[in-house]
Amino acid sequence: MKFQMKMKSELCRTYKYWLILLVLWLSGVTQRETGVLIVDADCIPPNGCKALAYYRLKQGDDLEKLQGRFQTNNSEVLAYNPQLVDANSIQAGTNIYLPFDCLCLNGELVHRFSYTVTTNDTAEKVVDVTYQKLTTVGAVRSASNSGDLSSIYSGQSLTIPVRCYCGDPNVDPKYGLFSTYVVQADDQLTSLSTNFSVDADVISKFNSDTRNLSPDSIIFIPSKAANGSFPPFSGYVLGTVHWRSNVGIIVGVVVGGIVLAVLLLFALIFGFKHFRRRKLAKEPTMQQSGLLSSSSMAGSKPSRSGSTMLPVPKSVEFTYEELAAATDNFSLAKKIGQGGFASVYYGVIRDQKLAIKKMTLQCTKEFLAELQVLTNVHHTNLVQLIGYCTTNSLFLVYEYIENGTLDHHLRRRKSDDKPPLSWLQRVQICLDSARGLEYIHEHTKPTYIHRDIKSANILLDDNFRAKVADFGLAKLAEEGTGTGIVGTFGYMPPEYALYGEVSPKLDVYAFGVVLFEIISGRVAISSALPSENDQQSPAQNRESRTLTSFFEPVLNDPDGKTLLPKCIDPALNGEYSLDAVWKMAQLARRCTHQSPDMRPTMRFAVVQLMTLASVTQEWDVGYFSRASSQSQPPSGNDQL
């Protein structure tokens, strides 16, 4: 009877949960026009589109500078501007289209560009000159969460919102690409029609009032793609039923009823399975379903501690006595690492070197997460889990990685007798780490998000090949809003730090920060020192600065490549290919884009780094061949 009452209670909770979801889903279905049943969304289409900004080149502008300002690339710009035969010889006064992603943010179609203030900038200059009134000072103030922009300073980061438009199939489905255009003083509807090769009435029906065009106002003009034709509206597909009668409503109700029935059935099945899982998890026995694949550990015996953990395949359950003996009772001399909730010890069992992580009993969630991932995921660029123990504390036992963490090597002391990481080693470490992340993002079943990528969680073996470690915060790769913010500041993307939005692009952002670390040798967040001309004391003016903001001025500068060496780790002693470092910095910049939709996938990063590794190997051979041919013997750093 007690079991039946628990089962009934569990099913009731599950039923209510799914019923609430169904009601919310049905309430989102509205009839915007007679006979058109659509999912409620403030943007058309909800997933955004590609858009263009109409821009007149001014003196001193060039494509490289504009690409940084509008966060696009050379190939995209040339694709939408076939009149530009030579990108290096464009003149002031030339009108061009700058492509960007038009995104639905807070119910508005917009793109928020990131701009780093330079010397002599004012808010008005940034808006009126740099972005040619595609936005307003008020919009920048609101988007940047700044109360006052009357005194902006060099290095300050501003968010530049530029409105955009994707079209509307209910107005005219033949047009799906639009330019954001700032009305000039002498503009007339007829002149715009001529300049953009589009009928005046077409411009009028997509804009509210074109009879009295107001200077500096924004209008959206249908534009042609690279093939010379107007692309049709193609993004408005989510939840549409293009029937011109009330049949759409009937269909919606019928479908809703079917969905309700299916959801109730799934709720019953889910409730039963969920209850059974919880019941099994509380049983005080452990079934050992597999031993180590490593023959050197085959003699380890399963623990008889009566632990309450779930069965774990392909892992050994060590006894507490084994781990204590291997670490001299967890002595300080055997301690090789310390985190917020765990200590790591070195030990040897059956002649195999091991790293033993000791966690408090309060870390059950992190313990289970790492156990779940690493017992099911195996890759050469992911640290290997050997086994575990749940007596007295929670223990995870890993393969021992000889050269420790990446951050230790990047921030090595001058007294350290180990040489700094060479540029070739750094590129290989980036590629190895990217491959490990790509594997958990795309090739495992289920796929995972790490959520705590940082240089301290990348380990280097005796050949300085990288392995991603510490999966205590990993979760299934289901996009949505997380229940709590976890991870490390400096590596968190804005959508996660502010709103808790979780996706694989969270790891991509953190990986981009790691790339910046590898280039510069700096920490992800540091205290910025005041300039020499600052009248305040260093203590008064010291503030935290992220590594992304450290690189922004250089990457946004038209002479950024020339300025880049000041950002490069001095430990490299000039022994690197500037072209290769610049390409890695550009990849890091893409990975740390403010918008997750604009960040690449880890697969893209792997491909880029494979090319970079190949080029770097060729450079490395040539560089040291030239060095060895010189009459003077090479310095210590040349021998890396």
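Glycine is treated like the rest: Cβ placed from N, Cα and C.
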Disulphide pairing with Cys164 per Swiss-Prot - partner from Cys102, Cys104, Cys166: Cys102
Candidates Cys12, Cys104, Cys166 - disulfide partner of Cys43 as recorded in Swiss-Prot: Cys104
Of the candidates Cys12, Cys166, the one sharing a disulfide with Cys49 in Swiss-Prot: Cys166
Minimum Cα separation from Cys166 (disulfide bond), reported as the residue among binding-site residues Leu149, Ile336, Ala342 that achieves it: Leu149
Nonlocal neighbours by CB distance (under 8 Å) for Asp121 (chitin binding site), same chain, sequence gap 6 or more: Thr130, Ile152, Ser154
Winner by Cβ contact number (other Cβ atoms within 10 Å) across the recorded positions Cys102, Cys104, Ala342: Cys102
C-beta crowding around Cys43 (disulfide bond), within 10 angstroms: 19
The one of Cys164, Val344 whose CB sees the fewest other CB atoms within 10 Å, among these recorded positions: Val344
Cys166 (disulfide bond) CB neighbourhood, other CB atoms within 10 A: 24
Distance from Cys104 (disulfide bond) back to Gln338 (ATP binding site), taken between C-alpha atoms, in Å: 43
From Cys43, Ala123, Lys125, Ser151, Ile336, Val344, the recorded positions whose CA lies within 10 Å of that of Cys164 (disulfide bond): none
Recorded chitin site residues Thr119, Asn120, Asp121, Thr122, Ala123, Glu124, Lys125, Asp148, Leu149, Ser150, Ser151, Ile152, Tyr153, Ser154, farthest C-alpha pair in Å: 18
